[in-house]
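Have a look at the structure below before the remarks.
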Amino acid sequence: MPIISTSGLSRTFRTRHGEVTAVRGIDLTVRPGEILGFLGPNGAGKSTTLRMLSTLLPPTGGAATVVGHDLLRDPAGVRRKIGYVAQSGGVDPQETVRSELVLQGRLHGMSRTEATARAAELARDLDLTELLDRGSTALSGGQRRRLDIALGLTHRPALLFLDEPTTGLDPGSRTALWTLVRRLRDEHGTTVVLTTHYLDEADALADRLVIIDKGVVAAEGTPAALKAEHAADTLQDAFLAVTGRTPAPVEHAPVAV
Amino acid sequence: MLLHDTAVLFGRYARQTLRSPFQIFFGTLMPLLYLFFFGPLLTGLPLGREGDSWQVLVPGLLLQLGLFGASFAGFAVIMEKNWGVLERLQVTPVSRLALLLGRVLRDAALFVFQAVLLVLAALAMGLRAPLAGILIGFGFVALLTFSLAALSYVLALRLPSPQEFGPAVNTLAMPSMLLSGLMLPMALAPGWLDVLSRFMPFRYLVDAVRDAYVGHYATPTMFYGVLVALGLTALAVTVGTRTFRRAGA
Ligand SMILES: Nc1ncnc2c1ncn2[C@@H]1O[C@H](COP(=O)(O)OP(=O)(O)OP(=O)(O)O)[C@@H](O)[C@H]1O
Ligand SMILES: [Mg+2]
């Protein structure tokens, strides 16, 4: 049974300047234990799709089942099973690393003791132990990103959504995160859906890729299959072929600065 | 579930407040200024109500404290939304009602504490009132601030842009204060103003507290006051829970 299946999932925003259709109908099937990469240009609808699948944003069309629960009829059931790390994070600047981690555990129904123990474990996994008693404003961008990720892992979710988890991470932290994601899958069978703009990351980490463009699935397959299909040497070339942005010819008007 | 979640969130917000003495005391500043510099002007005036001028003014100042304090509570949730904290909480299985109650109970506790400070200062200025009446007054402050804070969160989350929140609240709070007879009782008002003020829910609250401050506990005024307070509370919880359920939008 797929862990995510969607049909025609779509979302239109109403703004002052008219309607914006961010997602036009996405059909997607994700198998348990898969690491799925979402690729796509800025504004393609990746975050909007993730926010719908994690119950934060009601779809304006279509349907989805997430970890066995109907997204529209049983959002509470979905929330118990998933972890979600937003593209721009979600840490309160008035709190310390430890209090954020403990709160997260307690909101997932842990006792204070359990939540405290889990906070220490997460800090170890995300290399935050030294920082536990720091205020979150005193973290660097990458350290805060690691805290965001730790918060999403608190309850050992069966399905984890990571929206650009490695943006702003140094190379060491990035490879550490790749290792962590693989370990989550190998040791706990966690399914991970992540978005990224780093194609080397997608190539190295994801079992399967979904390229979203203008709110629809433009291509999907394993990194190797995508490259083969577009006779491309690199994922970068395949991506550009799919999204219709082939490298521009060189001579052009001078750059206006 | 609900109790556990509410307690956890109340604890978090209460600790945040305790870390900020400014936040704890700032709300008492305006009513204290009225108490010190406006209160003495009233001592000899006929105010059209039973009791001395302090028994008329202090209930009004208590509700003023609650009205202005609680109606700006929504600023906090605008911040939380901008930081992404609200979404992070909403994606956990935490009870939606607890997301509202945790904050609102913290707010009510804070404003009742400020009300106690205000009454202590008023006692020093010359207020004399029965203890039961004073306690009933705190009960009204609790219900009023509970409801208003909840409605303030609703407003903050539903306004299309957060910059509109401050002006919107000011536009609502000032006329509410003036039309409810918080500073001077509406007994002094000309007919049209008196009629107008009957459409203001806060008028019934302040009149009830004024009755309590002169020891009348079983009057129609008290009955209407309790009715309005409970009605406001029910409305606030209903609208508030609905808003927190779909605040992702
Ligand atoms: N709340 C909103 N109101 C109006 N339009 C929105 C809203 N959120 C997103 N959009 C629009 O929907 C489209 C998709 O946005 P989304 O954030 O899903 O893109 P994305 O693929 O995550 O892009 P990026 O790689 O830049 O993060 C964009 O055109 C965006 O402007
Ligand atoms: Mg995005």
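Cβ coordinates are placed from backbone N, Cα and C, and glycine is handled just like the others.
Keep in mind that what you see is a predicted model, and the values were worked out from it rather than measured.
For B:22-247, the entry in TrEMBL reads domain 'ABC transmembrane type-2'.
Within the same chain, residues 53-54, 56-58, 61-62, 64-65, 68-69, 110-111, 113-114, 117-118, 121-122, 125, 183-184 sit at least 6 positions outside the transmembrane segment (B:21-42) and bring their C-beta atoms closer than 8 Å to a C-beta of that stretch. Under the heading transmembrane segment, TrEMBL lists B:21-42 (among others).
The annotation transmembrane segment is assigned in TrEMBL to B:54-78 (among others).
Marked as transmembrane segment by TrEMBL: B:108-127 (among others).
Residues or ranges marked as transmembrane segment in TrEMBL: B:133-156 (among others).
Proximity of distant same-chain residues to the transmembrane segment (B:168-193), defined by a Cβ-Cβ separation under 8 Å and at least 6 residues beyond the stretch ends, is recorded for 34, 38, 42, 47-49, 56-57, 60-61, 63-64, 67-68, 71-72, 74, 152, 155, 159, 199-200, 202-203, 205-207, 210. Feature annotation from TrEMBL assigns transmembrane segment to B:168-193 (among others).
Annotation comment: TrEMBL describes B:222-244 (among others) as transmembrane segment.
The stretch from B:54-78, B:108-127, B:222-244 with the most CB pairs below 8 A to the transmembrane segment (B:133-156) is B:54-78. Same-chain residues lying 6+ beyond the ends of the transmembrane segment (B:222-244) with a Cβ under 8 Å from its Cβ atoms: 90, 96-97, 99-100, 104, 140, 143-144, 146-148, 150-151, 153-154, 157-158, 201, 204-205, 207-209, 211-212, 216.
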